[in-house]
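Asker: My structure is below; once you've seen it, I'll send some questions.
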Amino acid sequence: MGCEVTAFSSNPSKEQEVLAMGANNVVNSRDPEALKALAGQFDLIINTVNVDLDWQPYFEALTYGGNFHTVGAVLKPLPVPAFTLIAGDRSISGSATGTPYELRKLMKFAGRSKVAPTTELFAMSQINEAIQHVRDGKARYRVVLKADF
């Protein structure tokens, strides 16, 4: 698609998988020095996490005019000093899953591009194990429950 992709992960064991999926770089999101070194490098950061983080390094990683776009439903407000946005002409935006038209376009693109999700499948009868798997940080990307009743 013509973009250089840098993935952020809190789990260093995912690095090779993420690179194999097509990312150009992987940054350990738990390493403050690695995050600080990214200052001013990104035109766009797409946030998919739904947990509260120290957001300041991510905002500072944006270039002049860069955009931080969130699709992760973080329950707490994103604390952003106004100067971080104003001085860098940066912006923050967000979106839900999209309209039915946009989702159809996305599915067509995924089909043409051979994009597929990486999932772990659990039977619905294993819901407690699936929840614990996620809580323990062992989930590899998306956990899917399948009806077995």
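Every residue gets a Cβ built from N, Cα and C, even glycine.
Unlike curated records, TrEMBL annotations are generated automatically.
From TrEMBL, here are the annotated features:
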type	residues	note
DOMAIN	1-110	domain 'Alcohol dehydrogenase-like C-terminal'
Asker: For a three-state summary based on DSSP, what are the helix, strand and coil counts in the domain 'Alcohol dehydrogenase-like C-terminal' (1-110)?
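Answerer: In the domain 'Alcohol dehydrogenase-like C-terminal' (1-110), the DSSP-based counts are 36 helix, 27 strand, 47 coil.
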Asker: Take every residue in the domain 'Alcohol dehydrogenase-like C-terminal' (1-110), average their pLDDT values, and give the whole-number result.
Answerer: 90
